[in-house]
């Protein structure tokens, strides 16, 4: 089947030019008992990269495995079954299943997770049967992790979950999984499957993110960048397709309410963060 190419001119040429790996990609160990040191490492990573991995984050590895299993089982269902929880056509509703391209190589499903009043189970798959149980258990752990990182900044925030699914693509040089962007929300928690394709833009080049399973990748969004008056970096990133294998990622977006006006903290943008000079 011929690939419907994105409008890239020239192509990405990923197979011909080795994109350098981010060998110094920041990793933060949340099991460290020195809370001040952990906070400084998070601040430093947010300033310099706008993205980092956390290990020993409290989300059980077995739960991550079960989450990827039920997500894969859903996306491998016939299209007619997935359409039962599809996002309504021409609707402003964000929740539900949606195919991103006519050839079915890119698709996703959105769920609101928090607050509970925003959750609409009509858009939650009933097949596989364990989908809701596993997703809700993961949501509890994801909320705890987000609050640990954000502290009081996460109070009153909404939690939106998205599962991205990218089928193998014969010409990955020509088709982008997700085009380069920054996240509009405050904070993103991302857990990929074993086929990883996330890249970040730093120092005028794209870098592969060296993923450490089962770490959680933390991405600083536009709202945190604005609240910190630019000290924290809203990183530009993108996702690639794979020629032979299916890629999938489970993503939780933490966002302020839609009617909230977001602004930087007055007087001193450093008031909410610890200095990193002693690292």
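Here the Cβ of each residue, glycine as well, is placed from N, Cα and C on the backbone.
Swiss-Prot lists 181, 183 as binding Fe cation, and of 141, 237 the one it places in that same site is 237. Residues 164, 165, 166, 247, 248, 249 are listed as the 2-oxoglutarate binders, and the farthest two of them sit 9 Å apart at their Cα atoms. Same-chain residues that are not part of 181, 183, 237 yet have a Cβ within 8 Å of the Cβ center of the Fe cation site turn out to be 178, 180, 182, 188, 219, 221, 234, 235, 236, 238. Summarising model confidence by region, the domain 'Fe2OG dioxygenase' (156-256) averages a pLDDT of 89.
Non-local neighbourhood of residue 247 (2-oxoglutarate binding site): 164, 165, 166, 177, 192, 193, 195, 196, 197, 239, 241, each in the same chain, at least six residues away, with C-beta under 8 Å from its C-beta. Note: residue 181 (Fe cation binding site) has non-local neighbours 236, 237, 238, i.e. same-chain residues 6+ apart with C-beta under 8 A of its own C-beta. Neighbour counts of Cβ atoms within 10 Å were compared across the binding-site residues 165, 166; the minimum falls on 165.
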